[in-house]
C-alpha cells in the first residue's frame with residue numbers, strides 16, 4: 001500500500017451536521033473555503049462552505065441567514081444545513097456548476113451576443129429579487145454567477161452574499177442614509193463610480209456593476225484592467241480614474257446601443273431610486289428578438305461541448321482547477337482589479 005493511500009485512509013473524516021461527508025476542497029469564496037460534500041444517506045453531492053469559528057469577522061452565519069431570506073427565489077441555491085462543527089462554521093448548500101468566469105475562459109474569452117443576452121435577462125432578474133428582499137449584493141462579478149447542474153444546468157444562480165447589506169428596513173421601508181465616507185467594498189474592476197468615490201452603495205450600484213460585467217463579456221477585457229501601480233490603493237485610484245474618464249459610448253463601442261442605454265440609465269439613478277427592472281429587461285428582450293435569436297438555452301459552451309464531444313463539465317473539477325489557478329497568485333485580495 002503506497003504512502004498516499006495510507007495518509008488518505010488515516011485522515012479523520014469530517015462529518016457536517018451528522019449528515020454530510022466532506023470530500024475535498026473545490027474553491028474559495030470571499031470568506032472561507034468551499035468543499036465538495038456528499039449526503040451520507042442519499043449519496044447526493046452538495047457544496048459545503050467552511051470558515052474558522054475564530055475568524056476575526058465571521059461571515060458564514062450571516063450569509064446563511066441571507067440565503068434563508070432568499071429561499072424560494074429562482075436562481076439561488078437551497079440551504080441544507082448551517083451551524084458549527086468543531087472549530088468551523090459550516091454552510092451546506094446545493095452544489096452548482098462552473099462560474100461565468102470559468103465558462104468565459106472555456107469559450108476562449110468570447111461570448112456571442114446571443115449568449116450575453118440570455119445571461120443578461122437572468123442576471124437582471126436575480127438582482128431584482130435580492131433588491132425586493134431589501135438587500136444589495138455589493139460584489140457583482142462573473143465569478144459570483146454560476147450555472148446549475150443536472151436539470152438546472154441552463155439556469156443561472158447568484159452566490160456569495162458575504163458582502164451583502166440591507167439597504168432598507170422591510171417593515172418601515174426606510175432606506176439607509178446617504179454617506180460619503182465609505183471604503184470600497186467588492187471588486188474594483190466591476191465597482192460603480194460612486195463606490196470608488198466612497199459613496200454608500202444602493203441598488204443603483206449593483207445595476208451599474210452588472211453593466212460592466214456585460215461589457216466585459218462583450219469586449220473580452222475592460223479598459224481599466226491590468227493597471228500598474230506600486231500599491232493597491234494607487235491601483236484602485238488608477239482604475240477609478242480610467243473608469244471615470246472613459247465615456248460610456250467609448251466603452252460600449254461595437255456593441256448594440258442598448259448596452260450604452262443601460263449604463264447611462266444606471267448612472268442617472270438617484271441614491272434611493274428603485275431601478276425599472278422591467279424596462280431594462282425589455283430593452284434587451286426587444287434587441288434579442290430584433291436579432292432573430294431563439295431563447296433556447298443553447299449557450300456558447302453548449303455548442304463548444306457538442307463540437308468537442310464532451311459531456312457537461314464536472315463542476316467540482318472546474319472549481320478545483322479555478323482554485324488552483326488562484327492559489328498561483330499571491331492570495332486572493334478582497335478587492336481585486
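Indices start at 1 and increase along the chain as displayed.
The backbone N, Cα and C atoms fix where each Cβ goes, glycine too.
For reference, Swiss-Prot has these:
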{"type": "ACT_SITE", "residues": "139", "note": "active site, proton acceptor"}
{"type": "BINDING", "residues": "26, 27, 28, 29, 30, 31, 32, 33, 34, 49", "note": "ATP binding site"}
{"type": "DOMAIN", "residues": "20-288", "note": "domain 'Protein kinase'"}
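Positions of the features from Swiss-Prot, shown on the structure.
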{"residue": "26", "record": "ATP binding site", "CB count, 10 Å": "23"}
{"residue": "28", "record": "ATP binding site", "CB count, 10 Å": "17"}
{"residue": "32", "record": "ATP binding site", "CB count, 10 Å": "21"}
{"residue": "34", "record": "ATP binding site", "CB count, 10 Å": "24"}
{"residue": "139", "record": "active site, proton acceptor", "CB count, 10 Å": "22"}
Exercise. Could you measure between residue 28 (ATP binding site) and residue 139 (active site, proton acceptor) for me? Cα positions, answer in whole angstrom.
Key: 15
Quiz item: Looking only at the domain 'Protein kinase' (20-288), what is the mean pLDDT?
Solution: 96
Quiz item: Looking only at DSSP and grouping its letters into three states, which state does the residue listed as 'active site, proton acceptor' belong to?
Solution: coil
Quiz item: When DSSP states are folded down to helix, strand and coil, where does residue 34 (ATP binding site) land?
Solution: strand
Quiz prompt | Rounded distance in angstrom between the Cα atoms of residue 32 (ATP binding site) and the residue listed as 'active site, proton acceptor' | solution = 16
